[in-house]
Amino acid sequence: MVEIYYDDDASLDVLAGRKVAVIGYGSQGHAHALNLRDSGVDVRVGLPADSRSRAKAAEEGLRVLTPAEASAEADIIMLLTPDTTHRKIYADSIAPHLSEGKALAFGHGFNIRYGLIEPPAGVDVFMVAPKGPGHLVRRVFEEGKGVPVLVAVENDASGNALAVALAYAKGIGGTRAGALRTTFTEETETDLFGEQAVLCGGASALVQAGFETLVEAGYTPEVAYFECLHELKLIVDLMYEGGISQMRYSISDTAEYGDVTRGPRVVTPAVKAEMRKILDEIRDGTFAREWVAEDDNGRPNFTKLVEEGKQHPIEQVGAKLRPLMSWIAK
């Protein structure tokens with residue numbers, strides 16, 4: 001079973017006298033920086049001189065430096081920019097200032113797991129990854145609660161890396177809810193698999209295939225949209241709140257019978273075998289190499305596939321129907 005740490009297992013005293021730099025001010029960056037500051041941590045934000053986020057961070061009372069300046073000052077450097085930017089930011093702005101005794105932290109393990117960043121041996125390397133978007137991390141913190149986080153230690157040069165990671169997690173509110181111990185490998189591989197096979201790739205492909213099946217059988221696209229895309233949120237919300245069993249309890253008997261008898265005909269053993277292939281590509285580095293090469297090459301195939309997806313008929317139907325839904329923010 002996973003080990004879970006709470007407020008009593010962590011101490012902000014570990015961060016006393018230590019300077020923290022949060023590199024990036026996007027969804028997670030702003031939440032980490034503001035929560036740490038409100039927890040009494042000495043924090044500064046590292047942003048490029050031309051970043052549009054500099055003014056916002058300054059307006060919110062944070063000290064704003066360049067990534068290099070922030071890294072030079074800090075004892076603990078948390079890198080919270082997009083994965084594809086990490087290598088350059090690390091090489092240009094962090095590595096020259098990453099002296100022995102410092103700590104390098106991440107919100108996702110991708111670049112460490114696949115060896116794209118290799119910190120020196122004398123540096124602690126840890127991860128604190130909230131299991132929720134930044135705006136939720138900030139809002140719940142202000143309410144006196146927290147969002148669960150994953151914590152991991154990749155390199156414990158100081159012998160105190162876990163205590164530092166837990167103190168950081170406490171500073172952003174994570175130990176209020178629970179900090180689950182994991183590894184960089186487990187976090188990275190499961191996160192990528194979830195995105196590709198279930199949450200993003202799997203769900204979007206399933207929705208499109210269902211929509212196409214109904215339209216090709218002669219049903220109106222608008223009704224197909226409601227049945228295959230729009231109502232998905234209703235079901236996911238039930239699962240989110242109480243699991244699959246609670247969702248099944250909440251739907252009609254007809255829907256539940258169709259679920260348990262027809263669902264396995266959609267996600268067949270062949271589908272699960274393909275899921276395993278996707279997982280194997282994540283574990284052996286095939287996906288990482290493919291994605292890094294695609295990004296380094298200007299993302300031609302990625303851009304083409306995204307643009308093709310925008311042309312799917314379900315997008316046009318949705319654009320026509322969503323204005324009818326007053327509860328959706330426009």
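Backbone N, Cα and C atoms are what each Cβ position is placed from, and that goes for glycine too.
Checking the candidates GLY132, GLY134, GLY144 against Swiss-Prot: the one annotated together with TYR25, GLY26, SER27, GLN28, SER51, SER53 at the NADP(+) site is GLY134.
Each residue in the domain 'KARI N-terminal Rossmann' (2-182) has a pLDDT score, and their mean in this model is 98. Here GLY134 (NADP(+) binding site) is compared against the recorded positions HIS108, ASP191, GLU227, GLU231, SER252, and the shortest C-alpha distance is to HIS108. Residue pair HIS108 (active site) / GLU195 (Mg(2+) 1 binding site) shows a Cα separation of 13 Å. The Cα of GLU195 (Mg(2+) 1 binding site) lies closest to that of GLY26, out of the binding-site residues TYR25, GLY26, SER53, GLU227, SER252. Within the set of binding-site residues (ASP191, GLU227, GLU231), the lowest number of other Cβ atoms found within 10 Å of a Cβ is recorded at GLU231.
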